[in-house]
Amino acid sequence: MGIKGLSQLIADLAPFAVKEGEIKNFFGRKVAIDASMCLYQFLIAVRAEGAQLTSVDGETTSHLMGTFYRTIRLLENGIKPVYVFDGKPPDLKSGELTKRAEKREEAQKALDKATEAGVTEDIDKFNRRLVKVTKQHSNEAKELLKLMGVPYVDAPCEAEAQCAALVKGGKVYATATEDMDALTFGSNILLRHLTFSEARKMPVQEFNYDKILQGLELTRDEFIDLCILLGCDYCDSIRGIGPKKAVELINKHRTIEKILENLDTKKYVVPENWNYQQARVLFKEPEVANPEEVELKWGEPDEEGLVKYLCGDRQFNEDRIRAGAKKILKTKSTATQGRLDSFFKVLPSTPNPKRKIEDKKTPASKKAKTTGGKPGRKPK
């Protein structure tokens, strides 16, 4: 879900924090990509006659098709992608996951009715709502990335948090995801629509975290509280408080505790046993791997390995797979070209005078499994 209404709020109150551009603008950049979000996009978008692509055994291959060609597109535009996969979801997310399961049950019932009635449009709509990224989808995508020579990271917990940690640690330039909570985790740069197909003609949106805080006149802690008020994956929000009211309350009281002390509870319903404090800690100190211990290597593709993996039972066209492997190999020759700004030292941005001095805590750190470089190499 991400953060409800945050992108529109930023567009309204801090428009200078967002810029739109083409994919080629990120030539020479290393980008951490939310893998689950990508696979979900591919499972929904890569279809034939309303159904997902499958192997001869009926196994879904849409996610592999999307990963292969979309990654090649990124590489051809000079981007070095690293895919970050979700680990175990935090306990606080159980409520959100239950809601999603209930929605899928409702979609299944609606699909059964649509199938019985023979309404093709509704069948396609409810089929898409039933899409879920499984562990098998993720494992198959990881094997494909290894054969392509593209690194990936197994996050110990939330992928967006790990992406943000890689950005803050200087390992990559940005986080690429559609979920706005990458900003709540503190990613300096968030890219949306980076992995969309060319056919959709959607410009890449680049969100700048420091400029967002400047535009909203908030500290990092206040921004996290704002995101919790807007609605996140880890706890309910106060019923009746929309985006504008949330900003107004944070600007006036600065913390959720102060808001609760002054809130008109007859007008606004506070969730029972509201665990906003645990959600706050999760955003401030997420369970992530130490970026310094994450090694990222981009290697050469294993053409024969790709043909063996994707053709045959999975029914990919061999000529196209070989052509794709050659495209990846060709990008290696341009990979040595850096961006002009990489030759200069980047000075830290001038801090907003309204931002307070905050207690800097080191995030809880775990080892992440990483792979890449030589094809076929197993995660450590």
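Heads up, residue numbers simply count up from 1 along the chain you see.
Cβ from N, Cα, C; glycine included.
Per Swiss-Prot, Mg(2+) 2 is bound by ASP179, ASP181; the candidate from ASP233, ASP236, ASP264 named for the same site is ASP233. Of the candidate ranges 291-299, 300-308, 318-326, 336-344, Swiss-Prot annotates residues 336-344 with the feature region 'Interaction with PCNA'. When the candidates ASP34, ASP221, ASP225 are compared with the Mg(2+) 1 site entry in Swiss-Prot, which names ASP86, GLU158, GLU160, the shared residue is ASP34. Distance from the CA of GLU158 (Mg(2+) 1 binding site) to the CA of ASP179 (Mg(2+) 2 binding site) is 12 Å. When Cα-Cα distances from ARG70 (DNA binding site) are compared across the binding-site residues ASP86, GLU158, ASP181, the shortest belongs to ASP86. Take the mean position of the Cβ atoms of ASP34, ASP86, GLU158, GLU160, the recorded Mg(2+) 1 site; other residues of that chain with a Cβ within 8 Å of it are SER36, MET37, VAL84, ALA155, ALA159, ALA161, GLN162, CYS163, THR177, ASP179, ALA182. ASP233 (DNA binding site) sits 12 Å from GLU160 (Mg(2+) 1 binding site), taking the CA atoms of both as reference points.
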